[in-house]
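Student: Dumping the structure here so I can ask a few things about it.
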């Protein structure tokens, strides 16, 4: 892709995200979401592969439908209450439609089917954008409207997301699809707590972005799109493979790594809200996700292929690991010891 075109699309992406995050009016928030969608489409389809074109088409159709629902929800609310302010969403039908629209934007179950397919058809760098930055505007809208939304509906969708994200990721062999189901599972943890403690959702979201970025950049640097490719990286870049192993375990939420922190605080908050069954269900369902993270980690570090795998051989290159990967993987592993400071800020 032309560097000037890529620069324009990246700036448009940042502009759309900034407009949605900083707006109070529904129409400007909707305009920001549309700019975002139009800016990411060329980045998804830049390889001109049929799978990439299919992914871009699926992404466009789902995001256009979700944007239309957001506009419909805000117009219904404005019709009944005269308010266009985002935080003044009070009409029950508008709240219901908005919950569905944001779930579709984020890839929250039962509106999650598009996300793994789109991620599989995108390059790893675009997949990173789809999994992190593109979730920021809808997450902001969810945060701003959280007092008005139905907690029972959000809890049901959250448990369903965690279950489906863990269950459907079990038999995957493509790293991008595994990370897509990981994202769906993490969104369940964020959605269940947003009605009770929205700042915990933001903390979970920020740490999720941190750990997912570290995993995506590592996979991009070793060019691992399949588990069979991942198996041969241990002999080439052992230090990076070891850090990937720990980052994946952190993403799974194992103590004493960073990923344990949001799960710990969310389970604590759910117990305080007398939602012990929901906390128990989430904890048990997260074991499904733990299985495929361990599978990825096992392929990355512990096992060597017993036979010749049918992929292009990558020759050993002594190139230094990028500073961004080094910083992100370190933070993804070592952030838990400062957790006593977190309750002060939230």
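Cβ atoms here come from the backbone N, Cα and C positions, even for glycine.
Copied straight from TrEMBL:
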{"type": "SIGNAL", "residues": "1-23", "note": "signal peptide"}
{"type": "DOMAIN", "residues": "23-288", "note": "domain 'NADH:quinone oxidoreductase/Mrp antiporter transmembrane'"}
{"type": "TRANSMEM", "residues": "55-74", "note": "transmembrane segment"}
{"type": "TRANSMEM", "residues": "95-115", "note": "transmembrane segment"}
{"type": "TRANSMEM", "residues": "153-171", "note": "transmembrane segment"}
{"type": "TRANSMEM", "residues": "178-197", "note": "transmembrane segment"}
{"type": "TRANSMEM", "residues": "203-225", "note": "transmembrane segment"}
{"type": "TRANSMEM", "residues": "237-258", "note": "transmembrane segment"}
{"type": "TRANSMEM", "residues": "278-304", "note": "transmembrane segment"}
{"type": "DOMAIN", "residues": "290-342", "note": "domain 'NADH dehydrogenase subunit 2 C-terminal'"}
{"type": "TRANSMEM", "residues": "325-344", "note": "transmembrane segment"}
Student: Averaged over the domain 'NADH dehydrogenase subunit 2 C-terminal' (290-342), what pLDDT does the predicted model reach?
Tutor: 72
Student: Considering only the recorded stretches 55-74, 153-171, 203-225, 278-304, state which has the highest number of Cβ pairs under 8 Å to the transmembrane segment (95-115).
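Tutor: Of the candidates 55-74, 153-171, 203-225, 278-304, 55-74 scores highest.
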